[in-house]
């Protein structure tokens, strides 16, 4: 198997969203996660941008297909169509902007109404590097997350702090739900697909049983 083919082998594929008001650094978070560097010439997203990356979560290889949605109101009707079947989401606000924090409830309502039934959401307070200009306290956001059953991290797309951890935590919780039976990857609209590696494991018991069936003389 070629190195390229090996690098594309994964156990699961998860559809992710990055949502929140314009100017919160959503595209910069995605760029930092994919490229491991800060995107310093970022303009507001027009419609939807896309990125993907394979990560190792507890020994499972998970490919994240990530849709970065525009935060401006005029694009909401377009971006809502991408919510369908999302398994996970980063709900992003800017810790230096009270306005972006106050808009979280609307974004959360859209995600839970339009995405998959069991969508896993992590709240990300971005621009942690601008702590001196903070308008939203860690405690206040932590309470919001607890009240709405969200995970929560403060992140910095500039320094990279907690950026990968946000995606990994969200993916880990989805994996836990699959293992517990709460999520079924084969259910339409789950936002989850089996990768080649997982499909091989699912099929291997059937192959192992085949010789026994042939040996039967009845």
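Cβ atoms here come from the backbone N, Cα and C positions, even for glycine.
Its Cβ taken as reference, residue 129 (GDP binding site) is surrounded by 16 other Cβ atoms within 10 Å in the chains shown. Annotation source Swiss-Prot lists GDP binding site at 23, 24, 25, 26, 27, 28, 126, 127, 129, 157, 158, citing experimental evidence.
According to Swiss-Prot, the feature S-geranylgeranyl cysteine maps to 216 (among others).
Summarising the annotation, Swiss-Prot assigns S-geranylgeranyl cysteine to 218 (among others) and lists similarity to another entry as the type of evidence.
The 5-glutamyl serotonin annotation in Swiss-Prot covers 72, and the record cites similarity to another entry as its basis.
Among the features that Swiss-Prot reports, cysteine methyl ester is placed at 218.
The feature motif 'Switch 1' is assigned by Swiss-Prot to 44-49, with similarity to another entry given as support.
If you draw a 10 Å sphere around the CB of residue 25 (GDP binding site), it holds 25 other CB atoms from the protein chains shown. Under a cutoff of 8 A between CB atoms, and with a sequence separation of 6+ in the same chain, the neighbours of residue 158 (GDP binding site) are 28, 38, 127, 129. Neighbour counts of Cβ atoms within 10 Å were compared for the binding-site residues 23, 27, 126, and the top value is held by 126. The DSSP secondary structure for residue 126 (GDP binding site) is strand.
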